[in-house]
């Protein structure tokens with residue numbers, strides 16, 4: 001994997017910290033109208049920096065895992081958008097009634113966050129294992 005520069009590493013780590021702070025505070029209903037934006041900004045920083053980190057090797061397994069990781073980053077960003085929507089209900093106007101909106105969109109950020117976190121953990125461990133296996 002391509003090594004991140006010092007600035008990219010700082011942005012990556014601060015994005016991850018903002019995601020944890022935003023999701024934790026949002027789940028405990030503390031200043032939701034502010035922390036949803038903090039989470040979204042953190043997800044954007046984390047996701048974009050991670051998508052910028054490229055793999056220059058030839059292993060098809062690592063390339064496949066990197067694509068799964070990119071999908072997880074997109075899910076992190078979508079969960080942030082749904083978190084913001086839960087507070088401000090931007091997408092409510094796109095639905096014919098409130099019940100449909102509530103069933104399909106409202107509070108679904110949790111599902112996307114869970115799936116993204118599981119995919120991220122899986123790919124991080126597998127990529128680390130594959131890269132160490134390739135070095136030895």
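Glycine too: its Cβ is placed from the backbone N, Cα and C atoms.
In TrEMBL, annotation is done automatically, which means it is predicted and not curated.
Quick look at what TrEMBL annotates:
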TRANSMEM  12-31  transmembrane segment
TRANSMEM  37-56  transmembrane segment
TRANSMEM  68-91  transmembrane segment
TRANSMEM  103-123  transmembrane segment
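Of the ranges 12-31, 37-56, 103-123, the one with the most Cβ pairs under 8 Å to the transmembrane segment (68-91) is 103-123. Sequence-distant contacts of the transmembrane segment (37-56), counting only residues of its own chain at least 6 positions beyond either end whose CB sits under 8 Å from a CB of the stretch, comprise 1-2, 4, 8, 11-12, 14-23, 25-26, 62-63, 66, 69-70, 73-74, 76-77, 79-81, 83-84. Residues 23, 65-66, 68-69, 71-73, 75-76, 78-80, 82-83, 85-86, 89, 91, 95 of the same chain lie 6+ residues outside the transmembrane segment (103-123) yet bring a C-beta within less than 8 angstroms of a C-beta in it.
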